[in-house]
Structures are given as C-alpha cells and as structure tokens.
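Engineer: Next up is a structure, given as structure tokens.
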Amino acid sequence: MARVEIHGMQVAAKYAAFIEAKVLPGTGVSSEAFWAGLSKLAHEFGPENRALLEEREEIQQQIDAWHLERKGQDHDAVAYKSFLQEIGYLVPEGDDFQIETQNVDPEIATVPGPQLVVPITNARYALNAANARWGSLYDALYGTDALGDAPSAGDYDDKRGAKVVAAAKAHLDEAVPFDGIAWADVTGFDFRKGVFVAVSGENSAPLMDGGQFVGITEDLSELLFKKNGLHLRVVINPSSVVGKSDPAGIADVIVESAVSAIMDCEDSVACVDAEDKVLAYSNWLGLMKGNLEASFEKGGKTVTRKLNDDLTFNTPKGKKVVLKGRALLWIRNVGHLMSNPTVLDRDGNEIMEGLLDALTTVLIAKHDLQRDSGNSVHGSVYIVKPKMHGPNEVAFADRIFDAVEEILDLPPHTVKIGIMDEERRTSVNLKECIRAAKSRVAFINTGFLDRTGDEIHTSMEAGPFLRKDDIKAQEWIGAYEALNVDIGLECGLKGKAQIGKGMWAMPDMMEAMLEQKIGHPQSGATCAWVPSPTAATLHALHYHKVDVLARQDELKAGGRRASVDGILAIPLADGANWSEEDIQREVENNAQGILGYVVRWVDMGIGCSKVPDINNVGLMEDRATCRISAQHLANWLHHEVVGQQEVMAAFQKMAAVVDRQNADDPDYKPMAPGFEGVAFQAACDLVFKGRAQPSGYTEPVLHARRLELKAT
Ligand SMILES: CC(=O)SCCNC(=O)CCNC(=O)[C@H](O)C(C)(C)COP(=O)(O)OP(=O)(O)OC[C@H]1O[C@@H](n2cnc3c(N)ncnc32)[C@H](O)[C@@H]1OP(=O)(O)O
Ligand SMILES: O=CC(=O)O
Ligand SMILES: [Mg+2]
C-alpha cells in the first residue's frame with residue numbers, strides 16, 4: 001500500500017488524498033491542525049487505549065480462574081458478586097445525578113420512533129435508510145407477510161390491495177379516529193365552521209382530537225396528522241391505481257417511519273484497510289454534504305437515488321411548516337478493540353481504529369454543521385460508540401471526543417454519544433457509565449446480540465451454556481433490559497436522550513414483528529432497531545399505539561424493577577438433558593449461521609447478510625450474531641458437549657448447504673468439497689480458537705482472513 005509520511009505517521013496515500021482533497025476544504029480546519037490532531041490522538045490516546053484492552057484481558061483471566069477453582073461446586077452468587085467487586089469488575093454506584101446533554105435534536109430527545117441501522121459502505125442502502133423517514137404503509141402491508149402471507153410475484157392483486165387498504169384504515173381508526181365515522185366510510189374531507197371534518201354521504205364528523213390534524217399541502221393532495229409525536233400523511237389522488245377505487249380518493253398512507261437511523265461503520269461492514277475505510281468515510285461525507293448519489297439497475301432500469309428533500313405543509317392556521325425529509329443520522333464508530341493499517345504511528349504500529357473513526361467522522365460532520373436544513377439543526381454530531389466495557393472505557397471515549405472537538409475547533413460537547421449497553425461490564429455498571437459521559441450522552445441502547453456473546457465469553461469457564469434460544473429466556477436478560485430503562489430514566493434521559501432497544505433480526509417476518517416488537521415501546525424504550533425501511537414503517541405503528549413518554553413516567557414512578565444480581569445470574573445448562581439430536585441440531589444451526597455469514601464477509605467484503613437458519617428462516621447476521629454462534633460452539637466444545645470432530649463434520653455438512661443457498665450468485669466461490677478456502681478457515685478459527693478471542697469478538701479473525709484474501 002502506498003504511504004506518505006505526515007507528522008511522523010505513515011499514512012495510506014488513498015486516505016491522505018481523500019482527507020486533503022475531499023474532506024478538509026470547507027470545514028475551516030487546516031491540514032496542519034488535522035494531521036497534528038491525528039498524531040496527538042495516535043500517540044497520546046493510543047497507549048491508553050491499549051492499556052484498557054490489557055485490563056479487559058486481566059479481568060477475564062481472573063474471572064476464568066475464579067470459575068476454574070470452583071469447578072464442580074454449586075455456584076455461590078454472593079461470593080461471586082463480592083469477587084467481582086474486589087477485582088473492580090463491579091464498581092460502587094455513586095450518588096444520583098441527571099445527564100446534562102444539551103442541543104439535542106427532537107428526533108433524539110422527544111420523538112419516540114423506529115431506529116433503522118444500515119451498513120455505511122452500501123450507498124444505495126444508506127441513501128434508502130436516510131430517506132426512510134417516510135414510508136408507504138400500503139407498500140409495507142402489501143409487500144410483506146404483515147397481514148399473514150407474503151405476496152406472490154405478478155401484477156397488482158386487487159383482493160390483496162383491498163385487504164391492505166382495510167388494514168391501514170383500521171389502523172387510522174385507532175390512531176387518528178373521527179368522532180362517528182370510520183375511515184373506511186369516508187367519502188371526502190372538508191372544513192365546516194372552520195373545523196376539519198370527514199364526510200360520509202350526508203354525514204360529517206370532526207376528529208375525536210381536533211389537534212391531530214396538523215397540516216395540508218398547498219395543492220391539497222396530502223393531509224397531515226400526528227399521533228404521539230409521529231406524523232401520518234394521507235395522500236389523496238383519485239386518478240391513481242389505488243385512489244380511483246377509494247371512496248375518498250385515498251391513494252396511500254405515508255407514515256413517519258425511521259425517525260433516526262444509524263450509519264454503521266462497525267458490525268455490519270467489512271472494513272479492513274484504507275480502501276474500505278475511505279469508502280465508508282466517502283459515503284458519510286456524501287450524507288453530511290447532502291450530495292450522495294447511487295445509481296443501480298432495478299426492474300430493468302437504471303435508478304439514481306439521492307437524498308429526499310424536506311416537506312412543506314400549511315398548518316390549519318395557514319402558517320408554513322417544514323418537516324424533515326430524512327431520518328436524523330447517527331454514525332456508529334468502531335469500538336476500542338481494533339487497529340487498522342490505514343495509518344501507522346511513529347513506531348510503525350497500526351493506530352487504533354476508534355481514534356481514526358472519531359476524528360474522521362466528526363471532521364466530515366462539520367460539513368453538516370455548516371449548512372442549513374441538514375442533519376442536525378441543533379449543531380450536534382451523533383456518534384454511536386459500541387462495545388465499551390465499563391465506566392473507564394466510557395470516560396475514555398468522552399475524553400477522545402473532548403480532544404476531537406479541540407482539534408476541529410468545535411464547541412465542547414458538540415459530539416453526542418450513544419452508549420451501546422452491550423457488554424456485561426457496562427450493564428452491571430450502567431449508572432456509572434452514563435455518568436462518565438453525562439454531558440454528551442444522547443442514547444443508551446441494549447445491544448442484546450453482542451451482549452449475549454459477551455455473556456457466554458465472560459463465563460466461558462463456568463460451564464456449558466443453555467441452547468441459544470433458551471439463553472434468551474433466562475433471568476439475566478430480563479434484568480438487563482429492564483434495568484437499562486430504569487437507570488436511564490433515573491439519570492434523566494427522558495426528554496434529552498434516547499433509551500433504545502435491540503434489532504429485529506428476522507427481516508422477512510413482519511407479521512411476527514408486528515405482534516412482538518410492540519414490547520419495545522411498552523418497555524419504555526423511545527426507539528428500537530429495525531433492519532430495513534419497510535420494518536421501520538411497520539414498527540412505527542407500535543409508537544402510535546403506545547405513548548412511550550407516558551409509559552416512561554409510569555416506569556419511573558415505580559422505581560427499579562430489577563437488580564444487578566439478576567443480571568449476574570449466568571444462564572448455564574445445569575442438569576440439561578439434551579438428546580443427541582438436540583445437540584446436533586444446535587451445532588449445525590450455529591455452523592450454518594457462521595458459514596453463511598463468514599463466507600460473504602471474507603470472500604466478498606459484505607458485513608451484513610440475510611442467512612437462512614436451519615429452519616429456513618432468513619436471519620440478519622452481523623458480527624454480533626456471529627459472535628454468539630461462535631462463542632456458543634466454543635463453549636460447548638470446551639465443556640465437551642460436542643467433540644472437535646463432530647463440529648468439523650457439522651461445518652463440512654453445512655458448508656455444502658450454504659454453497660447451495662448461494663448457487664445463483666455468480667461471484668460466489670463454493671467452500672465444499674475442498675474446505676480449503678480462506679473463508680472456511682475463518683469460520684473454523686472463530687470456533688476452534690474462539691475461547692482465545694478477546695471478549696469473544698469476531699473482528700480479529702475476520703479482519704486477518706479478509707486481509708489474507710485481499711493479498712492474494
Ligand atoms: C447487532 C447489530 O449490530 S444490528 C446492526 C447491524 N445490522 C444492520 O445494519 C442490518 C441492516 N440490514 C441489512 O443490511 C439488510 O436488510 C439485510 C442484509 C439484513 C438484508 O438485505 P437484503 O437481502 O438485500 O434485503 P432485501 O432483498 O429484502 O431488500 C433489499 C431492499 O431493501 C433495502 N434495504 C434493506 N435493508 C436496508 C437498510 N438497513 N437500510 C436501507 N435500505 C435497506 C435495500 O435498499 C433494497 O431496496 P432497493 O432495491 O430499493 O435499494
Ligand atoms: O449492536 C447491537 C447488538 O445487539 O449487538
Ligand atoms: Mg453490537
């Protein structure tokens with residue numbers, strides 16, 4: 001890789017040219033200030049970063065030793081907790097406090113709604129995610145299994161369409177009801193004595209809550225309503241395919257969907273070198289400048305996708321109101337673990353990737369801060385910081401962003417951070433973690449997928465874990481999810497920051513999502529993750545049904561519902577009596593998920609994939625879900641629930657299955673029958689060397705193997 005020397009660092013020429021030519025101009029930051037700043041981060045913060053990683057290892061070794069010394073004995077929860085306190089894993093909880101975060105945009109502070117996540121390296125998807133602020137409810141209901149069955153290919157099906165319209169109007173009856181007329185019977189709209197009414201033949205009726213009608217477009221083609229802070233647009237177009245057979249000419253209901261979205265530089269991407277990092281940063285730059293475009297073939301045509309414009313309505317009082325056309329964007333940086341070859345420090349070591357992300361993504365966001373109607377209208381930059389272990393690591397992130405603000409000449413606490421509560425040492429010390437970033441925290445989110453991986457890795461020596469599905473039903477996870485909300489509320493996040501919940505990882509199962517994911521707003525969460533724009537539109541319906549802010553008041557009044565003791569209950573398979581078949585199914589399911597994900601990661605550089613599980617349900621797989629499967633197999637191997645040969649046999653059997661699943665992809669290289677490819681080796685490493693991976697993370701193996709493949 002061509003490099004240039006800058007401030008004693010060896011910088012990939014591609015990244016240096018990108019920063020100089022594309023990013024710095026227009027930011028008011030000089031080249032000298034930027035590179036001197038990067039050098040400061042690399043050389044002053046780098047060693048501290050590495051020391052924090054060593055501390056993780058030391059703590060893990062102490063925990064392993066504790067379990068090994070007590071092998072065969074009953075678990076003593078009291079002694080265990082004291083031990084965790086002694087080694088500083090569990091820190092004392094300090095006095096009550098309230099977060100002090102300021103200048104937070106309303107999408108984060110006050111409007112509960114879906115949060116969409118998207119790999120930043122895919123411009124087509126990233127644009128789609130930013131534009132997913134608004135989604136067609138008719139399309140979401142028609143195009144998925146939301147109403148029971150998935151659509152078949154072919155022309156518009158009138159019967160299916162009628163079912164969709166009926167379901168959407170039934171939802172409107174609940175979310176935006178008229179006093180005495182059902183939406184299905186509405187034949188038109190009018191203003192009578194200055195009041196907005198629905199008309200049905202001779203009858204008319206106002207809204208039950210007149211305040212819900214909040215606007216109309218200049219050309220009268222859209223009516224705007226509001227429920228629990230979220231907007232719904234009823235589109236009137238009697239000449240459209242759908243509108244012409246509708247008694248009121250209604251052509252669609254467009255729902256405010258992804259209120260916020262996370263552009264992901266972390267677990268859903270495969271960024272291993274300067275080329276990949278520059279791609280990720282370029283897409284972020286396009287989003288922050290507002291000029292990102294992607295052209296692609298779809299339905300036999302070339303489509304060019306751009307960012308949507310804002311929307312203008314007249315209020316009932318005749319004033320203009322402008323609504324954002326795009327989701328409020330966060331960017332997820334990588335955590336503290338990885339280094340990256342893009343920049344080498346003056347000793348020739350790769351600099352920590354989190355430092356590179358921090359400075360580069362915030363510099364890029366300066367373009368947004370300098371324009372009107374961009375992402376943040378409150379002058380903030382929103383960074384999700386994942387995979388931090390405990391308060392010291394959060395404090396470290398906080399100081400990194402202090403330094404970044406100084407380097408880039410930004411007011412203190414311009415950068416807001418989202419703390420992923422997805423490592424056990426963060427969950428059990430959550431209040432202190434929030435305190436460590438109390439002037440910039442703008443979300444806490446239960447990343448239960450990484451959290452499950454860390455659960456297994458942390459207690460690897462304690463014994464064999466339950467089956468993956470059963471782990472989800474144990475005390476620890478309920479306590480973790482509840483306590484996250486309760487502590488967030490105690491620390492004053494309501495009205496200032498999001499309290500978020502995790503990903504719906506079955507992208508094609510929308511009926512099940514509609515049934516189950518209402519649990520997230522009911523739990524007091526102001527946002528929860530969805531994998532696609534369509535899922536965002538459907539999940540938005542839950543926020544019409546649940547008044548999250550009122551629910552938060554109820555929960556806060558009730559106090560904490562769980563304790564750290566509950567979180568510390570390890571979901572071990574004590575006395576489990578699995579049949580050979582149970583074990584084989586679990587192992588094969590894990591093997592299939594790992595291989596299906598890893599082969600695309602390593603061979604094609606795709607960081608997030610939909611991979612069928614053993615029951616043929618397409619699952620969203622990313623590095624966090626891979627971490628769970630790999631750690632689970634590593635745990636069962638370590639405790640001899642299965643043997644090495646059985647796992648290898650499962651890998652080989654499932655490699656052939658995964659090959660068949662990808663048979664239509666011309667770029668796919670089969671793993672069977674040779675099993676010698678780099679991707680297959682990566683999958684094996686993740687499991688057979690799984691116990692030795694730091695915190696059970698998949699990044700070190702995946703990066704090494706992808707770099708190996710790229711080098712050939
Ligand atoms: C534990 C964690 O960290 S979770 C966070 C990380 N996970 C994620 O970010 C999940 C993001 N989701 C995805 O990457 C994808 O939805 C996948 C991989 C799960 C499925 O992708 P695909 O198989 O391509 O989906 P599918 O074929 O059903 O749909 C593709 C269409 O949906 C759109 N789409 C799918 N996911 C997204 C998304 N997250 N954001 C925006 N658009 C999306 C695509 O743009 C495409 O539409 P287009 O043709 O108009 O461009
Ligand atoms: O990042 C999210 C998770 O669940 O892990
Ligand atoms: Mg995660």
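Including glycine, each Cβ sits where the backbone N, Cα and C put it.
If you look up TrEMBL, you'll see R332 marked as active site, proton acceptor. The active site, proton donor annotation in TrEMBL covers D622. Summarising the annotation, TrEMBL assigns acetyl-CoA binding site to V117, R124, Y125, S268, R305, P531. As annotated by TrEMBL, glyoxylate binding site applies to R332, E422, G447, F448, L449, D450. Among the features that TrEMBL reports, Mg(2+) binding site is placed at E422, D450. Taken from TrEMBL, the feature domain 'Malate synthase N-terminal' applies to 17-70. Annotated domain 'Malate synthase G alpha-beta insertion' per TrEMBL: 156-220, in sequence order. According to TrEMBL, the feature domain 'Malate synthase TIM barrel' maps to 329-561. TrEMBL lists 583-676 with the feature domain 'Malate synthase C-terminal'. Positions annotated as cysteine sulfenic acid (-SOH) by TrEMBL: C608.
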Engineer: Quick one: largest C-alpha distance among V117, R124, Y125, S268, R305, P531, binding acetyl-CoA per the record, in angstrom?
Structural biologist: 21
Engineer: Looking at the recorded positions R332, E422, G447, L449, C608, whose Cα is closest in space to that of P531 (acetyl-CoA binding site)?
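Structural biologist: Spatially nearest to P531 (acetyl-CoA binding site) by Cα position is C608.
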Engineer: Do you know the DSSP helix, strand and coil residue counts for the domain 'Malate synthase N-terminal' (17-70)?
Structural biologist: 46 helix, 0 strand, 8 coil
Engineer: For the domain 'Malate synthase G alpha-beta insertion' (156-220), jot down how many residues DSSP puts in helix, in strand and in coil.
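Structural biologist: Counting residues by DSSP class gives 24 helix, 21 strand, 20 coil.
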Engineer: Tell me the Cβ contacts of G447 (glyoxylate binding site) under 8 Å, same chain only and six or more apart in sequence, or just say none.
Structural biologist: P386, M420, D421, E422, G502, A624
Engineer: Please work out the mean pLDDT for the residues of the domain 'Malate synthase G alpha-beta insertion' (156-220).
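Structural biologist: Mean model confidence (pLDDT) across the domain 'Malate synthase G alpha-beta insertion' (156-220) is 97.
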Engineer: Given the residue listed as 'active site, proton acceptor' and V117 (acetyl-CoA binding site), what distance in Å do their CA atoms have, once rounded to a whole number?
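Structural biologist: Given the Cα positions, the residue listed as 'active site, proton acceptor' is 9 Å from V117 (acetyl-CoA binding site).
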Engineer: Going by DSSP, give the three-state secondary structure for S268 (acetyl-CoA binding site).
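Structural biologist: The three-state answer is coil.
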Engineer: For D622 (active site, proton donor), which of the listed recorded positions (S268, R305, F448, C608) have their CA atom within 10 A of its CA?
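Structural biologist: Of S268, R305, F448, C608, within range: S268, C608.
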Engineer: Tell me the residue counts in helix, strand and coil for the domain 'Malate synthase C-terminal' (583-676), as DSSP assigns them.
Structural biologist: 56 helix, 8 strand, 30 coil
Engineer: Distance check, please: Cα of F448 (glyoxylate binding site) against Cα of R124 (acetyl-CoA binding site), rounded to an integer number of angstrom.
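Structural biologist: Spelling it out, the Cα of F448 (glyoxylate binding site) and the Cα of R124 (acetyl-CoA binding site) are 27 Å apart.
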Engineer: For ligand 1, list the recorded positions among R124, Y125, R332, E422, F448 whose CB atom is within a distance below 6 Å of it, in sequence order.
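Structural biologist: What lies within reach of ligand 1, judged by Cβ under 6 Å, is R124, Y125.
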